[in-house]
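Novice: TrEMBL lists 5-381 with the feature domain 'Serine hydroxymethyltransferase-like'. Residues or ranges marked as (6S)-5,6,7,8-tetrahydrofolate binding site by TrEMBL: L117, G121, H122, L123, E242. The site 'Plays an important role in substrate specificity' feature in TrEMBL is assigned to H225. According to TrEMBL, the feature N6-(pyridoxal phosphate)lysine maps to K226. Under the heading region 'Disordered', TrEMBL lists 346-368.
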Amino acid sequence: MSSLASVDPQIAELVKAEERRQADTVKLIPSENYVSKAVLEATGTVLTNKYSEGYANKRYYEGQQVIDQIEVLAIERAKSLFGVNHANVQPYSGSPANLAIYLAFMQPGDTFMGMNLPSGGHLTHGSPVSITGKWFKPVSYNVRKETGRVDMDQVRELALEHRPKVIFCGGTAIPRTIDFPAFAEIAREVGAILAADIAHIAGLVAGGAHPSPVGHADVISTTTHKTLRGPRGAMLMANDDEKATALNKAVFPGLQGGPHNHTTAAIAVALHEAAQPEFKAYAHQVVANAKALAEELNSRGFDLVSGGTDNHLILIDLTSKGVAGKPAAKALDRAGLETNYNTVPFDPRKPFDPSGIRIGTPSVTSRGMGEAEMRQIGAWMDEVVGALAKGDAEDVIARVHREVSELTAQFPAPGL
Ligand SMILES: *Cc1c(COP(=O)(O)O)cnc(C)c1O
């Protein structure tokens, strides 16, 4: 990055500092990952110079000889990887992709269903602070208090009572397998469109480590930058021609102008990588690592929502440890263990100061770590949280940080 360093040394230095931070940290944020050098290179290309409003062979600008080929390649790879008939690779990110679903299938004021935010839904599934909760009528379903798992009886009762136009399944803090066939049956019963938001688990689905929504959900929305390990972006998929056309119209011209062609190229690269046998191994190792980490935390008396995990994600209720989520996340971060504080189902505390933390294994798996490292990470978390509860964590944080640095040095992160 010699040009950046000479033109804007301030930004260049900050980028380097962030690179060092990412290298030195055990990143446990479940929505993040390390993309490959190939994905990074595609993201930083001259494709960023081109405007391409429209779709391949139907553009509103000339000079699309190359861009059309790139977008078609990305679409074909998405279709083949997920086994769908149609894919749109233009949404700028997961939130605009979800907005396209509203625009395609609903009118303002229409009723829809989604998982409630404090229990693991996404803002765009009807949170009152989101446009989706302000301009439409959300009906929220929850998990069962005793099991921490989605209450499918409640989903059905609410669907029968409110007759939603759309039902969203999926979320941001769901540690268990999403039962797509069960959601599909309820959606069919009430004539709703089932939208599967697989933003978090797309990489697991692609790698065969989580059941696929294809054949069950009418439309599928996903980010490309979480477990799928691509650039920041999103995709919408469908099998049905009419639904795919409605989604395409909603993305452009409904919501967006020109697609980000450099991102499209990087998505194509990530999809190519995700079709390789190594990616399958990665996806299964993500789950094996999460299970090992959950087991270690369980054995150390941590209270895991739903008791454990089926996927890449673990949601921890810290109430029993005598600390809140935010101070725990801040102490862990100072020890080199990067997590995020998060609400837990039925959280009595506020979203900005909740009871839990959310962790996951995609990033550490991308670095090549395995079950033994997960047990070590669980032990470190226990030491930091235990010391914090006693009110004297400084020495422990300093020591764990040294040990974390020794570990991260042995597992270089892709792309850095
Ligand atoms: C991350 C996420 C999104 C939103 O993605 P952004 O790219 O942050 O806009 C939407 N839905 C779910 C379930 C997510 O986890």
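Placement of Cβ uses the backbone N, Cα and C atoms for every residue, glycine included.
All TrEMBL annotations are machine predictions without curation.
Describe the structural context of these features.
Specialist: Non-local neighbourhood of L117 ((6S)-5,6,7,8-tetrahydrofolate binding site): L123, H125, S127, S140, T343, P351, each in the same chain, at least six residues away, with C-beta under 8 Å from its C-beta.
In the three-state DSSP classification, H225 (site 'Plays an important role in substrate specificity') falls within coil.
Sequence-distant neighbours of K226 (N6-(pyridoxal phosphate)lysine) (same chain, six or more apart, CB under 8 Å from its CB) are P30, S31, E32, N33, A199, H200, A202, G203, P362, listed in sequence order.
Note: the region 'Disordered' (346-368) comprises 5 helix, 7 strand, 11 coil (DSSP; helix = H, G, I, strand = E, B).
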Novice: May I ask for the distance between G121 ((6S)-5,6,7,8-tetrahydrofolate binding site) and H225 (site 'Plays an important role in substrate specificity'), taken between their Cα atoms and rounded to an integer number of Å?
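Specialist: For G121 ((6S)-5,6,7,8-tetrahydrofolate binding site) versus H225 (site 'Plays an important role in substrate specificity'), the Cα atoms are 18 Å apart.
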Novice: Would you kindly give the Cα-Cα distance separating H225 (site 'Plays an important role in substrate specificity') and E242 ((6S)-5,6,7,8-tetrahydrofolate binding site), rounded to the nearest Å?
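Specialist: E242 ((6S)-5,6,7,8-tetrahydrofolate binding site) and H225 (site 'Plays an important role in substrate specificity') have their Cα atoms 28 Å apart.
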Novice: Measuring Cα to Cα, how many Å separate H122 ((6S)-5,6,7,8-tetrahydrofolate binding site) from H225 (site 'Plays an important role in substrate specificity')?
Specialist: 16
Novice: Write out the long-range same-chain contacts of H225 (site 'Plays an important role in substrate specificity'), meaning residues 6 or more apart in sequence whose Cβ is under 8 Å from its Cβ.
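Specialist: The answer is E32, N33, V35, P231, R232, G233.
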